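Inspection log for the structure reproduced underneath, given as structure tokens.
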Amino acid sequence: MSETVGNGENFPAVAARDDRLVWVDLEMTGLDLERHVIVEVAALVTDANLNILGEGVDLVVHATDEELARMDDFVTRMHDSSGLTPLIRASTVSLKDAEDAVLALIEEHCDPAHPAPLAGNSIATDRAFIREQMPRLDAALHYRMVDVSSVKELARRWCPRVYYKQPTKGLAHRALADIVESIRELDYYRRSFFVADPGPTSAQCEADAETSVARFAHYLE
């Protein structure tokens, strides 16, 4: 019997492999699709309850000196500060290698007959680069996306205490850490925001933030 996700109501059960989320975060040399390239790819798959499945993908992609020279001052400082730039120069991983690795992760955990949505924080730019530079990956993902930043903006307007008590981000500007922090943030919103009116107290928000931080702490060590 196939694994299913129960709902406690008289609705059709959903097979677990049909209910995955594919979390992808990219680091690029900039935001211009015509001039800039992907230099780091990280991916994780979660089930419907945000449990991380498997080891995921965390790869630095090689870029030429010419491609790196197209970075503006802000991106140059960011990648230098995070330690990414020397890793890019030393990497022997191609963008195709990284795309293949993410596709293998999806094949392992997801049902290809039911493409999973792309998930992340402010993922429109990531999706644009995926569409342009990793078209096979784009084709393997559902057209729908789960953008945690949309939930953040709603929380800021509808329940400010939830917004202001969210777990603090490390701002490492490295792809895998960014993904785990996005999953953690959505886990927090699930606990504190998607509840009946009048919503949680500030103390409950703080407790929910601590629970979400503890749940994902070992991924960020």
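Just so it is clear, glycine is given a Cβ too, placed from its N, Cα and C backbone atoms.
Keep in mind it's a predicted model, so treat the numbers as computed, not measured.
Database features, via Swiss-Prot:
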- 21-186: domain 'Exonuclease' (DOMAIN)
- Tyr143: active site (ACT_SITE)
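The Cβ neighbour count for Tyr143 (active site), using a 10 Å radius and every protein chain shown, is 9.
Across the domain 'Exonuclease' (21-186), mean pLDDT in this model comes to 95.
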